[in-house]
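Novice: My questions will all concern the structure given below.
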Amino acid sequence: MTNASPYAAFGWAVAYGGFGLVTALTGTAIFYRTAQPLPVGLNWAAVAVAVLAAMTTLAVARGPRIPRSVVLATLVGLCALSGVAAFGLLMDVITFVFGQTVDSWMGTANRALAAIGVVALAATTLSYRSATSGACPRCGAVHTSSTVRSRPEPAPAPRRVRAVAYVGAAAFLPYAVMKTIWVLGGTFAGITGEDMVAMHERNGASELWLTLDRWGIDPTALLATLGVFLILGLVRPWGQVFPRWTLTLSGRRVPRWLPLTPAMIGAGTLAPYGVAGVVYAALGTAGAIPISRGDFPTVGDALLVTWFGLGAFATYGLALALATWSYWRRTQPTCTVSG
């Protein structure tokens with residue numbers, strides 16, 4: 001293949017494999033569950049993924065020597081494994097923005113490298129699929145004459161996709177109300193605003209986080225507002241062309257990567273995290289598993305807050321995934337016959 005994607009993916013595999021090998025030999029954990037390091041032996045899994053990725057991408061670059069179905073299945077599997085390793089990167093970014101640190105720099109480095117791998121392997125998969133099927137790598141269609149690349153006209157998402165996006169945005173409303181009650185000094189689920197600030201201080205919240213609390217601004221509610229802005233932009237035309245209120249950018253096309261990057265990271269994090277949390281809350285509500293009340297007066301209070309928070313994450317995350325897929329399809333470059 002003349003496409004640069006497999007070579008970029010091969011370079012990533014070498015870098016990621018080296019990272020995994022050095023950390024494994026030095027006994028440095030790179031996989032974490034929350035702030036707790038997992039066994040260093042898992043580092044060899046990263047090395048194995050990198051070695052397989054290097055072999056596969058090298059085979060792609062050298063030409064059709066391995067059955068197409070085997071190569072595609074391997075690339076898709078490697079993408080999935082890299083995505084699992086990258087899970088939690090969004091939480092690291094949020095923690096760094098508001099706390100100027102992360103739970104583990106090595107864990108964050110591993111997740112960041114894995115996320116780069118997802119992009120590189122996905123690009124290789126798409127280019128290989130197009131090259132081996134005779135399709136255009138830009139639009140996926142088969143052309144019989146020369147073409148030029150063009151971008152489709154801005155258009156809103158289909159009505160059903162927009163409806164799902166609006167539901168996803170509205171899912172944050174109860175969560176935002178709950179957080180706003182606390183930052184304004186009110187009481188919700190048996191916890192006062194002062195109690196919440198004390199909890200933040202006890203848990204090591206940064207000065208920035210505590211300052212926003214004092215100003216009556218909850219950082220997570222602020223992030224929810226940004227999330228609503230993102231999902232609405234994915235389903236409305238102004239997410240494809242900068243609107244008037246962007247001043248000097250007004251009328252220019254929005255680069256596809258600008259909304260798609262945070263959207264894919266957000267959907268890949270919030271959807272599984274939220275769904276798992278909802279299942280946990282449902283089992284706890286039904287009495288099937290024990291639930292810790294934590295800092296809340298009762299287990300019921302803890303469950304109420306869990307439903308408000310993780311229910312919003314699940315609904316929004318799934319809606320964001322659909323909106324992202326729709327945006328990807330609607331903004332995919334097309335080819336028109338030249339001349």
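Note that the numbers count up from 1, one per residue, in the order the chain is shown.
Just so you know, glycine gets a Cβ as well, placed from its N, Cα and C.
Marked as transmembrane segment by TrEMBL: 7-32, 44-61, 70-91, 111-128, 163-184, 220-239, 260-283, 303-323.
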Novice: May I ask whether the transmembrane segment (220-239) has at least three C-beta pairs under 8 Å with the transmembrane segment (163-184), counting pairs 6 or more apart in sequence?
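Specialist: Counting Cβ pairs under 8 Å, at least 3, so yes.
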Novice: Return the stretch with the most CB pairs under 8 A relative to the transmembrane segment (7-32), choosing among 44-61, 111-128, 260-283.
Specialist: 44-61
Novice: Test of understanding: applying the rule of at least three C-beta pairs under 8 Å (pairs 6 or more apart in sequence), is the transmembrane segment (303-323) touching the transmembrane segment (220-239)?
Specialist: yes
Novice: Return the stretch with the most CB pairs under 8 A relative to the transmembrane segment (111-128), choosing among 70-91, 260-283, 303-323.
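Specialist: If we count Cβ pairs closer than 8 Å to the transmembrane segment (111-128), 70-91 scores highest.
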Novice: Quick test of the contact rule: Cβ under 8 Å, at least six residues beyond the ends. What residues does that give for the transmembrane segment (70-91)?
Specialist: 31-32, 46, 49, 52-53, 56, 59-60, 107-108, 110-112, 114-115, 117-118, 121-122, 124-125, 128-129, 265-266, 268-270, 272
